[in-house]
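Scroll down for the structure; my scribbles are underneath it.
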Amino acid sequence: MVVYEWSVSIYAGALFINLSLGWDMYLSIAGLLCITGLYTVLGGLAAVIYTDTLQTVIMTIGAVILAVISFDKIGGYNQLQHRYEVAMPSEFHNKSASCGKPRDDAFHIFRDPVNSDNPWPGLLLQSSLGCLWYWCCDQVIVQRSLAAKNLSHAKAGSIMAGYLKLTPLFFMVFPGMISRALYPDMIACVDPDTCEKYCQNPVGCSNVAYPKLVLELMPVGLRGLLMAVMLSAIMSSLTSIFNSAATLFTMDLWRRMRTRASERELLIVGRLFVLLLCGVAILWIPMVRSSQGGQLFTYIQAVQGYLGTPIGALFVMAILWKRMNENGAFYGIMTGHLCGIARMAMDFAFPAPGCDEEDTRPEILSAVHYTYFGQINLVVTVIAIIIFSYTGSAPTESQLFGTTWWTRVDKVRTRDEEETVENGMEMKTTDEIKEETPDSKAVENSYDSDEDGGCHKCFDKICGIPESGDSSESTPDITVDQRRDFLKENSNWKTILNINAAIGLAVTAFLIGYFR
């Protein structure tokens, strides 16, 4: 999933740079990675959070300005509907005129469940159950909640993100449709040679709809602002994934292989792992360009359905079913991922036919939409989890403490009730950790920075190694006191947050009903 997310973000950023500055695609990728990697490596998670906050403001302002200018240019929403319906390219060559015709259901969410490009049953299920993994399990999202001061802050951040997620319809989707209405020869091209001429992608040019609008409609000053907005969005995604990938690999994998790894070693390994994945993601970009008819958003949703849906199924089962154990979790998600990888491999091996071409793909591809396959994969994963869970023993009550919906509010255990878990770590009170923490003045620093040259210091700075020296002590585990404080909620703020969550759901329901 990390390689997929990186390749999509890198390609999207390079596409915009290529279109706006005329740079070579891979030169654009190199520049994008250098800039993003520099401040991520030097700043860590703090840099990611601060830059994300700033870039969110920039992106919102820029997107609002572009949306207003776009609607003014086309004459409002009613004119958009009329002009979009007749937005067809002038060059067809060997293609029929129907290939460039917009869909009749373009302004509707609920589309035909069999013959449409986005069947409504699959859409509703995939956007809820299928995407659950991203909002609840993906490290890019979860790290924000983990950085929250307390549970109320975490909830408020999620609700704020929910409000912002209501805006893409007006600030991204409609402007993209306006772009097709204004520039149909480019955005709606169907002839491979024509598409190659416009966007260097023979499969289609729909990916450049938004950048094209920015470059054509915005005045010089605002054009630069929107360019910053687009690159900010890309770099925001990349920095999050950089930090998440390094954290997951070093903390979940490397520390298991090297149990006594020092902080210095973990930092260096994390940086090197990021470089490795960057190379793999760049090699994956040609697959992104050509898959799913050249439509980047469709590719994103399809891969999420293939690989992400089993993660969401595992997450729900872990929370709701107390009988699930390690066997069920591991072999269940492996089963789901094998099914998803098989479908994804078939997608690449048997690409969808172009317009006016016969569909000779296997039935599993031609007849089963990727949103439907995602739900099939979800059911397969759940069944596998149940079957494999019964091949092992049930978790004990102490192991279930605070880990399921039914045990989330169990009384916080005292020191006498603490049990050593498999990796030998215990949950301790704050006082116990203070007693066990050595006086920093009494610890002799074996790393003498004064004896090292400038190159060594520069290397340490790039790898994020603190000047105080190498320490094998990792960050203390969360204590009972800290856990109690984090889960404590003020009743007034809890009510305010619940009201805002209800408002967000109501607005979402209204928009779904209006554009049904």
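Placed from the backbone N, Cα and C atoms, the Cβ positions cover glycine too.
As stated in TrEMBL, the feature transmembrane segment covers range 6-23 out of the listed 6-23, 204-221.
Residues 56, 60, 63-64, 66-67, 70-71, 73-74, 77, 80, 83-84, 87, 102, 106, 206, 209-210, 212-213, 216, 500, 504, 507-508, 511, 515 of the same chain sit 6 or more residues outside the transmembrane segment (163-183) yet have a Cβ under 8 Å from a Cβ within it.
Same-chain residues lying 6 or more positions outside the transmembrane segment (496-515) and placing a CB less than 8 Å from one of its CB atoms are 107-109, 152, 155-156, 159, 162-163, 166, 169. Simply put, out of 56-74, 225-254, 299-321, 328-350, 225-254 has the most Cβ pairs sitting under 8 Å from the transmembrane segment (266-287).
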